[in-house]
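Q: One structure, pasted below without further comment.
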């Protein structure tokens, strides 16, 4: 702006409308254990995988075992259900014993 009073042509901007994709590809956590499929711009999106540290005990000698796994959120819940049930993990020493 030049001068003491603004003029209209100084405020006229040369703006062009832009096209924007308004579809949200965000996946929300569902309270059920079913995994929903996401349709993304390139088809179906891969579920996010993360690293999980698991600390458990040997089912024979009760020594502490540490595991690091890479899994989806749904699959790690399945593993948790198995570990809380009848599935037991054996340490390397106990696995050598008959």
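Quick reminder: no glycine exception, Cβ is built from N, Cα and C everywhere.
According to Swiss-Prot, the feature region 'E7 terminal domain' maps to 1-40. Annotation source Swiss-Prot lists motif 'LXCXE motif' at 22-26, citing sequence analysis. The feature zinc finger is assigned by Swiss-Prot to 58-94, with sequence analysis given as support. Annotated motif 'Nuclear export signal' per Swiss-Prot: 76-84, in sequence order.
How about a rundown of where these features are and what they're close to?
A: Summarised as a single figure, the pLDDT of the zinc finger (58-94) averages 92.
Sequence-distant neighbours of the motif 'Nuclear export signal' (76-84) (same chain, 6+ residues past either end, Cβ-Cβ under 8 Å): 33, 52, 54, 56, 69.
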Q: As a quick check of your reading of DSSP, tell me how many residues in the zinc finger (58-94) are helical, how many are strand and how many are coil.
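A: Within the zinc finger (58-94) the tally stands at 15 helix, 11 strand, 11 coil.
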